[in-house]
Amino acid sequence: MKQLSNLFDMKKNSEKITMVTSYDYPSAKQAEAAEIDTILVGDSLGMTVLGYDSTVQVTLNDMIHHGKAVRRGAPNTFVVVDLPIGTVGISDEKDLENALRLYQETKANAVKAEGAHLISFITKASAMGIPVVSHLGLTPQSVGIMGYKMQGSTKEAAKQLISDAEAVQEAGAVMLVLEAVPSDLAALISERLDIPVIGIGAGKGTDGQVLVYHDMLNYGQEHRAKFVKQYGDFSNGIEALQQYHKEVREGDFPSEAYTYKKQILEELDK
């Protein structure tokens, strides 16, 4: 299994890290077969596979359910699972209880927490032996406040983002995800930090990149962000379903090629 130390070595050797956001067994199995370095089980599963309006409705049980499936599909890949909104920032006791449950039940390598306001949680979870990945910049759980826009785009905001990145590392974060940040700022933060920095919409100067499986394969997604490159196309699923519907209605499926041919009625008459 790929360990955290392998990811640190990759940063040290300037070898780019690949991360894919996956939510289920089949996609995780494909990611591992493709030798993707890390898998993120993001709370974006709420919109992508559960049909919610936002990540706000995603529960801890949702994350555990999907995290387990991903681990079964990718037993040898470094897996990070999101702590959904409402599971941290409550109290020290409850925060750690939720983090430990997610970490243990999914058999993840780390949990992810959004925002610099969770410094205390990162410190305490790390002390308990729970590796924490931090997420700064555009944080989906706060998008209702921030809006879907680039972060760190003013002098003051850039300084704050640098300070926050250094603070989460100091608190014990083992990795940082930077989302929707100016490329030069993301590169500077990656250079300053010792921990791996994974970018999404943050340019090529970070230590690695993350894209959502469904986005990069055009699988059920109506809109893609500017920073998403499409590497495949699963959008013809509707056409396939329409063809299936047509063939069944017209009696063309199943044909002989898809039918067990043993004749049993004669045996029943004996």
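Counting starts with 1 at the first residue shown.
The backbone N, Cα and C atoms fix where each Cβ goes, glycine too.
What Swiss-Prot annotates here:
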| type | residues | note |
| --- | --- | --- |
| BINDING | D43, D82, E114 | Mg(2+) binding site |
| BINDING | D43, S44, D82, K112 | 3-methyl-2-oxobutanoate binding site |
| ACT_SITE | E179 | active site, proton acceptor |
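Locations of recorded Swiss-Prot features on the structure.
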residue : record                               : Cβ neighbours (10 Å)
D43     : Mg(2+) binding site                  : 30
S44     : 3-methyl-2-oxobutanoate binding site : 21
D82     : Mg(2+) binding site                  : 30
K112    : 3-methyl-2-oxobutanoate binding site : 24
E114    : Mg(2+) binding site                  : 26
E179    : active site, proton acceptor         : 22
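Comparing CA positions across the binding-site residues D43, S44, D82, K112, E114, the one lying closest to the residue listed as 'active site, proton acceptor' turns out to be E114.
The secondary structure of D82 (Mg(2+) binding site), as reduced to three states from DSSP, is extended strand.
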